[in-house]
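Here is the structure we will look at.
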């Protein structure tokens, strides 16, 4: 997922003191940034494969995903956004209280929202696979995802506000949905126009 449209970058408020961090920062001596696949690439428009091998290759993929996300200045990245047909995403994303959440989820599944947590949050949303475009999209202001870590251990990640949006956005990717698929036809067309008119600041994979 792209950084917040109304902030200079995802890690704003530097200089106001240390922020709480949930999760562990990745080792950036490992991994290599890869170019980002963009809307129209078939791997983005179908459900990808369940991860069954929790091995060194998966760990190396996660390292590459963090590097790719940071190179593109994103706050979340799904494996198919670098062309890999596997259910895993990474994130380094703030919530609305300024808490920084860092981690990864393998084989994520969004939990059904409890009756008392179904309020919608209208906010600007962007995607690294639809570069330079942003649109308003209403999503639940709370989300919880269950899955596994790179070693196959069960994990559960929950969040509110912008981080909840990120969890939903990245899980959507792995089931073949981009955020523009949830827009009206008019807003989707406008997002694609923004993309056509813009120039991404990071490497992308040409379609065709």
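For all residues, glycine too, the Cβ spot is worked out from N, Cα and C.
Annotation comment: TrEMBL describes 170 as active site. The Fe cation binding site annotation in TrEMBL covers 127, 169, 173. The compositional bias 'Basic and acidic residues' annotation in TrEMBL covers 1-23. Taken from TrEMBL, the feature region 'Disordered' applies to 1-32.
Across the structure, the residue listed as 'active site' and residue 127 (Fe cation binding site) place their CA atoms 10 angstrom apart. Residue 170 (active site) counts 27 other C-beta atoms within 10 Å of its own C-beta, drawing on all protein chains shown.
Cβ contacts within 10 Å of residue 127 (Fe cation binding site), excluding its own Cβ and spanning all protein chains shown: 28. Listed in chain order, the extra residues whose Cβ falls within 8 Å of the Cβ center of the Fe cation site residues 127, 169, 173 are 1, 76, 78, 81, 128, 129, 170, 172, 177, 178, 179.
Counting only same-chain residues at least 6 apart in sequence, those with a Cβ under 8 Å from the Cβ of residue 173 (Fe cation binding site) are 44, 78, 80, 81, 89, 129.
With a 10 A radius on its CB, residue 169 (Fe cation binding site) counts 27 other CB atoms from all the protein chains.
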